[in-house]
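Read the structure below first, then the notes.
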Amino acid sequence: MIIRDENYFTDKYELTRTHSEVLEAVKVVKPGKTLDLGCGNGRNSLYLAANGYDVDAWDKNAMSIANVERIKSIENLDNLHTRVVDLNNLTFDRQYDFILSTVVLMFLEAKTIPGLIANMQRCTKPGGYNLIVAAMDTADYPCTVGFPFAFKEGELRRYYEGWERVKYNEDVGELHRTDANGNRIKLRFATMLARKK
């Protein structure tokens, strides 16, 4: 049962809309202990918390976390817990039912990715889920925007061998950034919802 829809926090607080893949994931992933890695201004964390998920929301930007805390207080979301952390230097041990990272990994140092994904996998309870959406660098859509990291073709899928992939694709999507002509930049995005066996 959805208590707050995807437009609630957008309309009331002018946040970016909840990511479409999070909206799809909640059709499968039941409320439980959740970790949002790179939560930004809370577009996903606030939606999840308002709909019964117990959310840890982490981001390196203290101003973003302060904004999440402000909205959390107004909305009385006691099941939302924030922390300022640099994902490039992060290790964690708590067990989660759902760990998500949407359009965040491409902003991290490439050397961080294998360890961070391993940490996500280790800290996911059996039967729990990981959701990742991140930019790719492919021959047909090369990543020219200067991200420190972008997945190669099939790379994210290989990280999750042995997991049940509920959804996986490497479809073309658009960044919010635009090119010199004002057109949104197109890239492939690795999109995956996987369940730990």
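Here the Cβ of each residue, glycine as well, is placed from N, Cα and C on the backbone.
Here is what Swiss-Prot says about this protein:
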BINDING   Gly38, Arg43, Asp59, Thr102  S-adenosyl-L-methionine binding site
BINDING   Arg177  substrate binding site
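Feature map: annotations from Swiss-Prot on the structure.
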residue: Gly38; record: S-adenosyl-L-methionine binding site; Cβ neighbours (10 Å): 21
residue: Arg43; record: S-adenosyl-L-methionine binding site; Cβ neighbours (10 Å): 22
residue: Asp59; record: S-adenosyl-L-methionine binding site; Cβ neighbours (10 Å): 25
residue: Thr102; record: S-adenosyl-L-methionine binding site; Cβ neighbours (10 Å): 24
residue: Arg177; record: substrate binding site; Cβ neighbours (10 Å): 9
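According to its DSSP assignment, Arg43 (S-adenosyl-L-methionine binding site) is helical. Taking the mean position of the Cβ atoms of Gly38, Arg43, Asp59, Thr102 as the S-adenosyl-L-methionine site, the remaining residues of that chain whose Cβ falls within 8 Å of it are Asp36, Leu37, Cys39, Gly40, Asn41, Gly42, Asn44, Ser45, Ala57, Ser101, Val103, Val104. Annotated pair Arg43 (S-adenosyl-L-methionine binding site) and Arg177 (substrate binding site), C-alpha to C-alpha distance, rounded: 18 Å. Here Thr102 (S-adenosyl-L-methionine binding site) is positioned 16 angstrom away from the residue listed as 'substrate binding site', judged by their C-alpha atoms. DSSP assigns Gly38 (S-adenosyl-L-methionine binding site) to coil in the three-state reduction, outside any helix or strand.
Residues Gly38, Arg43, Asp59, Thr102, recorded as binding S-adenosyl-L-methionine, reach a greatest CA to CA spacing of 12 Å.
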